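Q: Pulled these features from TrEMBL for this protein:
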ACT_SITE  12  active site
DOMAIN    69-146  domain 'GHMP kinase N-terminal'
BINDING   97, 98, 99, 100, 101, 102, 103, 104, 105, 106, 107  ATP binding site
ACT_SITE  139  active site
DOMAIN    212-269  domain 'GHMP kinase C-terminal'
Ligand SMILES: C[C@@](CO)(OP(=O)(O)O)[C@H](O)COP(=O)(O)OP(=O)(O)OC[C@H]1O[C@@H](n2ccc(N)nc2=O)[C@H](O)[C@@H]1O
Ligand SMILES: Nc1ncnc2c1ncn2[C@@H]1O[C@H](COP(=O)(O)OP(=O)(O)O)[C@@H](O)[C@H]1O
């Protein structure tokens with residue numbers, strides 16, 4: 001009997017996020033440096049004669065196993081593309097806050113695609129798989145790639161970038177934020193893309209990132225002012241090199257000088273704001 005196939009679904013971070021334009025269909029053109037964190041959800045796919053999804057973990061309650069769960073949508077689309085029945089017992093362990101700018105749903109969908117391709121022993125042509133991923137969400141292609149990359153277009157153009165495994169803290173103020181609502185609330189002219197070359201040396205990278213932006217931050221803060229408190233608190237932590245919001249928020253990250261400083265900051269913030277989610281982790285370094 002085939003054993004269950006497990007796959008990690010790491011949190012996605014937008015180290016910068018420039019909104020450079022808008023397509024005729026309303027989707028925005030982005031220039032973003034995407035990286036992944038050690039913290040994440042987990043997907044398991046086991047053989048079954050039906051398609052089912054069980055959700056556990058600390059953030060399971062925020063997601064009922066509704067038919068539009070991205071994991072089930074990924075399974076159905078993949079089965080259809082492969083011309084086979086969608087049969088698997090899926091399990092999602094949800095440790096990332098939902099609707100929080102760190103791509104939990106996209107990471108889960110990408111991990112489900114990887115696990116199911118393995119379970120079903122199928123391989124799709126690269127262009128078919130890329131189109132399928134994009135259909136699930138603009139962030140799914142980069143999550144499927146699973147390594148740090150410069151993202152452009154609406155999320156379909158990816159160029160891998162090597163990044164150092166910097167320690168970091170992730171903080172979420174305990175409230176969800178809708179991605180479409182944040183894009184809709186964004187005001188002002190579109191921003192310029194970031195410079196072409198991205199430094200790999202940690203100190204140079206932090207200076208480079210400090211000169212870049214998250215063009216959705218003002219809109220997100222207008223919808224959820226607690227994000228400003230998150231950023232202020234992160235900036236005040238000893239060893240904080242840079243604090244920014246990720247994606248459309250509200251989760252923010254701080255790149256930290258050392259692993260100990262990251263651990264200490266997560267403890268301090270967890271103590272001071274009991275309703276917030278604060279974890280110390282690292283960039284995966286790939
Ligand atoms: C903003 C980003 C940055 O990485 O991250 P999150 O905040 O979601 O983590 C992503 O582009 C989000 O990707 P994803 O969450 O997959 O978005 P989708 O489901 O495809 O789109 C949700 C909605 O966001 C808006 N949207 C999304 C992506 C994009 N390039 N332009 C947009 O305008 C559209 O209103 C769309 O209907
Ligand atoms: N497996 C999943 N995990 C998280 N959200 C999901 C999932 N499946 C569907 N969703 C829906 O997708 C929306 C976006 O969730 P998520 O990916 O966590 O946030 P973001 O796009 O801000 O990073 C949520 O509002 C949720 O209803």
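Each Cβ is built from the backbone N, Cα and C atoms, and glycine gets one as well.
Just so you know, TrEMBL annotations are computer predictions that nobody has curated.
Computed from a predicted structure; not experimentally measured.
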Q: Residue counts in helix (H, G, I), strand (E, B) and coil for the domain 'GHMP kinase N-terminal' (69-146), per DSSP?
A: 46 helix, 6 strand, 26 coil
Q: Determine the minimum-neighbour residue: among 97, 101, 103, 105, listed as binding-site residues, which Cβ has the fewest other Cβ atoms within 10 angstroms?
A: 97
Q: Which is it, of 99, 107: the one of these binding-site residues whose Cβ has the most other Cβ atoms within 10 Å?
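A: That would be 107, with the highest Cβ count within 10 Å.
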Q: Quick one: which of these binding-site residues, 97, 103, 105, have their CA within 10 A of residue 139 (active site)?
A: 103, 105
Q: Within the domain 'GHMP kinase C-terminal' (212-269) only, compute the mean pLDDT.
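A: On average, pLDDT over the domain 'GHMP kinase C-terminal' (212-269) sits at 98.
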Q: Measure from the Cα of residue 12 (active site) to the Cα of every one of the binding-site residues 97, 99, 101, 103, 105, then give the nearest.
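A: Going through 97, 99, 101, 103, 105 one by one, the Cα closest to that of residue 12 (active site) is 103.
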